[in-house]
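Please read the structure below before turning to the comments.
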Amino acid sequence: MADLGAAGATRRRRRATFAAGRGGSLVPMNGASAAACPSAGTAGHSGDTPGQKHGSPETARTRESLLSSESGYNNYRGILNWCVVMLILSNARLFLENLLRHGILVDPIQVVSLFLKDPYSWPAACMVIGDIFLSLQGSFSEPVGLTIHCINLTVILTFPVAVVLTVPSVTPVGGAFALGIYTIVLLKLYSYRDVNMWCRDLSRAKAKNYMYYFAFAPTLCYELNFPRSPKIRMGFLLRRLVEMLFFTQLLVALTQQWMIPIIQSSMKPLEDMDLSRMMERLLRLAVPNHLLWLMFFYWFFHSSLNFSAELLRFGDRQFYNDWWNAETVTYFWQNWNIPVHKWCLRHFYKPLLRRGFSKIVSQSAVFFLSAFFHEYLVSIPLRMFRLWAFMGMMAQLPLAWFVGNFLHGNYGNAAVWISLIVGQPFAVLMYVHDYYVLRYREDTD
């Protein structure tokens with residue numbers, strides 16, 4: 001019993017340290033007090049606080065990212081499970097074998113060609129620049145403003161699709177980058193309009209024009225007062241910059257050296273429908289694919305978003321949570337991409353609940369929306385529609401039910417990791433195979 005008491009005390013101290021690391025004082029923009037100009041979180045949301053009608057899931061406050069040393073977080077149990085799974089599926093000799101068989105394949109010039117076919121024609125860059133003008137908002141009456149807002153969102157969703165599909169010089173990578181920027185702006189503008197509408201309806205606050213700050217802030221949910229950090233920490237900023245540069249080079253090198261040869265060697269088994277060799281190639285691709293996915297997560301969600309947040313003194317650094325400890329599929333999707341999760345919760349899931357839909361229907365609708373955008377960001381740049389990403393996301397619903405009901409604890413956590421390690425390379429192989437087949441046929445014709 002004494003041991004259990006000591007363990008419980010240790011856990012309580014750890015949780016207290018974690019809470020202290022995540023919490024912080026709120027420093028509103030322009031020096032305004034939180035009481036004088038409430039955030040979108042204080043505007044209220046259905047089911048949060050009695051008497052509230054709308055708002056964010058929680059009030060925004062200054063928080064450090066979990067992997068930052070300042071957060072005080074030290075629970076990495078899920079990472080140990082990941083190591084066990086990776087040791088089963090991989091071996092260090094695979095990379096050495098690849099290097100001996102293919103030699104050095106890293107070519108930075110080839111990477112540039114993925115973005116630009118013609119150095120004097122930059123359609124993807126022009127699209128991103130034009131997106132700035134589509135983001136500008138004015139003051140109109142409610143009916144006129146709603147009409148213009150809907151037209152603007154429709155243009156933001158369809159204009160890049162038309163350009164990518166009709167302009168031959170748009171490369172798949174450039175098209176995906178442009179579509180990603182447009183998707184982020186679409187979600188931001190939707191949140192901007194909703195939050196200001198809630199404030200007008202409640203007559204509790206007058207929206208201020210923080211649109212330009214919000215456009216560059218690492219968040220998709222608009223607030224009337226964003227949490228601000230007291231100053232820019234140059235040491236923290238430089239560490240994130242070095243990480244961004246290092247992981248960018250590493251991602252490019254490993255993709256060219258490790259992933260591309262495996263994908264190329266997988267085309268023949270896929271065309272012959274040789275199931276045993278297809279499975280062997282799938283498992284071989286799972287190792288570098290998952291390693292690159294983890295590095296991309298750290299590069300984007302920790303290094304890049306913290307870098308931009310530090311430059312803007314944006315205080316809420318909760319861009320991810322401890323998704324590696326996920327014992328259910330639902331917990332993983334709720335915690336690996338916090339900005340998107342908060343947007344879906346505030347502007348899609350809870351509005352559906354307020355309209356009388358059940359939780360199951362609302363959750364399914366959120367997965368359907370996510371599946372649409374996954375397919376949107378893959379199929380349009382590749383100029384082909386195979387629905388692999390869409391079906392992969394929708395398959396998360398039965399997988400979430402199975403894991404949540406039949407697997408618990410470490411077994412559930414291992415199931416989540418295995419689904420990530422095996423599921424992603426399967427979709428990659430399907431898309432790459434179809435892309436090369438279509439391109440080969442076009443070249444032959």
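Using the three backbone atoms N, Cα and C, a Cβ is placed for every residue, glycine included.
The region 'Disordered' annotation in TrEMBL covers 37-64.
Positions annotated as transmembrane segment by TrEMBL: 148-167 (among others).
Annotation comment: TrEMBL describes 173-190 (among others) as transmembrane segment.
Away from its own ends, the transmembrane segment (283-301) comes close to residues 65, 67, 86, 89-90, 94-95, 243-244, 247-248, 250-251, 254-255, 258-259, 262-263, 266, 319-320, 336-337, 420-422, 424-425, 428-429 of its chain (Cβ-Cβ under 8 Å, at least six residues beyond either end). According to TrEMBL, the transmembrane segment annotation covers 283-301 (among others).
What TrEMBL lists as transmembrane segment is 360-378 (among others). Sequence-distant contacts of the transmembrane segment (360-378) (same chain, six or more residues past either end, CB-CB distance under 8 Å): 176, 179-180, 183, 330, 333, 340, 344, 348-349, 352-353, 385, 387-394, 396-397, 431.
Annotated active site per TrEMBL: His374, in sequence order.
Residues or ranges marked as transmembrane segment in TrEMBL: 385-408 (among others). Outside the transmembrane segment (385-408) by six or more residues, the chain places 327-330, 333, 363-364, 367-368, 370-372, 374-375, 377-379, 415-416, 419, 423, 426-427, 430-431, 434 with a CB less than 8 A from a CB of the stretch.
Positions annotated as transmembrane segment by TrEMBL: 414-432 (among others).
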CB contacts for His374 (active site) [other CB atoms within 10 A, all chains]: 18
Segment proximity, the transmembrane segment (414-432) to the transmembrane segment (173-190), 3 or more C-beta pairs under 8 Å: no
